[in-house]
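Below: the structure, in structure tokens.
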């Protein structure tokens with residue numbers, strides 16, 4: 001890797017970490033523990049300015065910084081791997097549709113947002129059902145089946161949250177990345 005590329009990865013990783021820690025907020029009041037994470041925006045910008053591997057590198061460095069500098073214990077050990085997988089999937093789909101297809105720009109953006117949001121939601125429903133719900137019940141003493149019911153939680157919280165998050169993050173990322181690309185003539 002070139003020095004310039006490493007510098008951009010380091011800077012965007014730091015910005016992503018700061019956004020992850022200080023700019024996450026709930027979007028569904030009844031499940032305030034599901035928070036939108038704006039750190040996807042610098043990750044996407046890095047992937048569009050450099051390449052997809054650089055986007056993955058920013059995602060991983062941001063996650064390591066979170067574990068080392070702002071660790072929330074069980075919540076991070078369970079939630080962070082899910083966040084990494086969701087963002088990696090959304091990033092891959094966004095980059096593929098925006099860079100690899102030859103459709104008109106509005107169709108590429110629309111396809112990336114819709115398909116990315118839907119596939120990320122499907123992934124998160126599966127991860128919540130098979131991974132997060134059992135682990136939170138065992139290690140965090142938070143049994144979703146006793147408070148909401150697993151089916152209700154997945155349908156009434158996980159699905160709308162992830163659809164909203166996918167649309168908000170991918171739309172915001174595209175809106176912010178396009179002027180940066182034009183300014184840097186990438």
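Positions of Cβ are set from backbone N, Cα and C atoms, glycine also.
Of the candidate ranges 51-75, 151-175, TrEMBL annotates residues 151-175 with the feature transmembrane segment. Tertiary proximity for the transmembrane segment (77-98) is limited to same-chain residues at least six positions away from its ends with a CB under 8 Å from its CB atoms, namely 37, 39-40, 43-44, 47-48, 52, 55-56, 59-60, 63, 66-67, 108-109, 111-113, 115-117, 119-120, 123-124, 127-128, 131-132, 135-136, 139-140, 162, 166, 169-170, 173-174. When Cβ-Cβ distances below 8 Å are used as the criterion, the transmembrane segment (6-28) is approached by residues 34-43, 45-46, 49-50, 54, 57-59, 61-62, 65-66, 69-70, 157, 160-161, 164-165, 168 of the same chain, each at least six residues removed from its ends.
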